[in-house]
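A.B. asks: Below: one structure in structure tokens.
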Amino acid sequence: MILTGKEIQKRIGNDIVITPYSEKQLNPNSYNLRLHEELLVYTELPLDMKKPNPAEKLVIPESGLLLKPGILYLGRTLESTETHNLVPMLEGRSSIGRLGMLVHVTAGFGDVGFKGFWTLEISVIQPLIVYPGVEVCQIFYHTLEGQITEYTSGKYQANRGIQTSMLYKDFEK
């Protein structure tokens, strides 16, 4: 089952933590998250799954930044979230999709117990000017059945910003 907006509001501070939180971003069954001003772009192609891939930082000015097709931009939400006893999921807003912007490639699924900023895997299918602070995605919550084991991986937990892929750590096992 997906939580309603009223149920999300009721669980804020308990099962759900969103920082900063504004009731204005609450929807009937989700909560809008905003785009932070920083982006990362990989600087060496091809990317290699077995090693860390270098990236450079871009800052989205108030006047906007032109995103181009064929480039993966890593961004993050302005809000950090923490979820217990629920499964958080992230999707792009339909208004953003109608402009040809995707906010994630495959990472729209969060684990129970995840806390931190959501790294966004941004791409555009046509040139698009983006702005910092725009509500680009929405988080919604599923209930669980069965015994709950919270996410404890050190790879992405309690992040402090945008994270490039750490898949290379899987090869070190």
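Backbone N, Cα and C define each Cβ position, glycine as well.
According to Swiss-Prot, the protein carries these features:
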- Glu121: active site, proton donor/acceptor (ACT_SITE)
- Arg93, Ser94, Ser95, Ile96, Gly97, Arg98, Asp111, Thr119, Leu120, Glu121, Gln138: dCTP binding site (BINDING)
- Gly108, Phe109: site 'Important for bifunctional activity' (SITE)
A.B. asks: Counting across all protein chains present, how many other Cβ atoms fall within 10 Å of the Cβ of Gly97 (dCTP binding site)?
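C.D. replies: Its Cβ shell of radius 10 Å holds 14 other Cβ atoms.
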A.B. asks: Hey, does DSSP put Gly108 (site 'Important for bifunctional activity') in a helix, a strand, or just coil?
C.D. replies: coil
A.B. asks: In angstrom units, rounded to an integer, how far apart are the Cα atoms of Arg93 (dCTP binding site) and Glu121 (active site, proton donor/acceptor)?
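C.D. replies: Cα-Cα distance, Arg93 (dCTP binding site) to Glu121 (active site, proton donor/acceptor): 14 Å.
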A.B. asks: According to DSSP, which of helix, strand or coil covers Arg93 (dCTP binding site)?
C.D. replies: coil
A.B. asks: In sequence order, what residues of the same chain, 6+ apart, have a Cβ less than 8 Å from the Cβ of Leu120 (dCTP binding site)?
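C.D. replies: Counting only residues 6 or more apart in sequence, the Cβ neighbours of Leu120 (dCTP binding site) under 8 Å are Leu35, Leu74, Gly75, Arg76, Thr77, Val103, His104, Val136, Cys137.
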A.B. asks: Under a three-state reduction of DSSP output, how is Gln138 (dCTP binding site) classified: helix, strand, or coil?
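C.D. replies: Note: Gln138 (dCTP binding site) is in a strand by DSSP.
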A.B. asks: Using Cα coordinates, what distance in whole Å links Gly108 (site 'Important for bifunctional activity') and the residue listed as 'active site, proton donor/acceptor'?
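C.D. replies: Per the Cα atoms, Gly108 (site 'Important for bifunctional activity') and the residue listed as 'active site, proton donor/acceptor' stand 10 Å apart.
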A.B. asks: How many Å lie between the Cα of Gly97 (dCTP binding site) and the Cα of Glu121 (active site, proton donor/acceptor)?
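C.D. replies: Cα to Cα, Gly97 (dCTP binding site) and Glu121 (active site, proton donor/acceptor) are separated by 14 Å.
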A.B. asks: To the nearest Å, how far is the Cα of Gln138 (dCTP binding site) from the Cα of Phe109 (site 'Important for bifunctional activity')?
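C.D. replies: Each residue's Cα considered, Gln138 (dCTP binding site) and Phe109 (site 'Important for bifunctional activity') end up 12 Å apart.
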A.B. asks: Around the Cβ of Glu121 (active site, proton donor/acceptor), how many other Cβ atoms lie within 10 Å? Please give the count over every shown protein chain.
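C.D. replies: A 10 Å sphere around the Cβ of Glu121 (active site, proton donor/acceptor) contains 16 other Cβ atoms.
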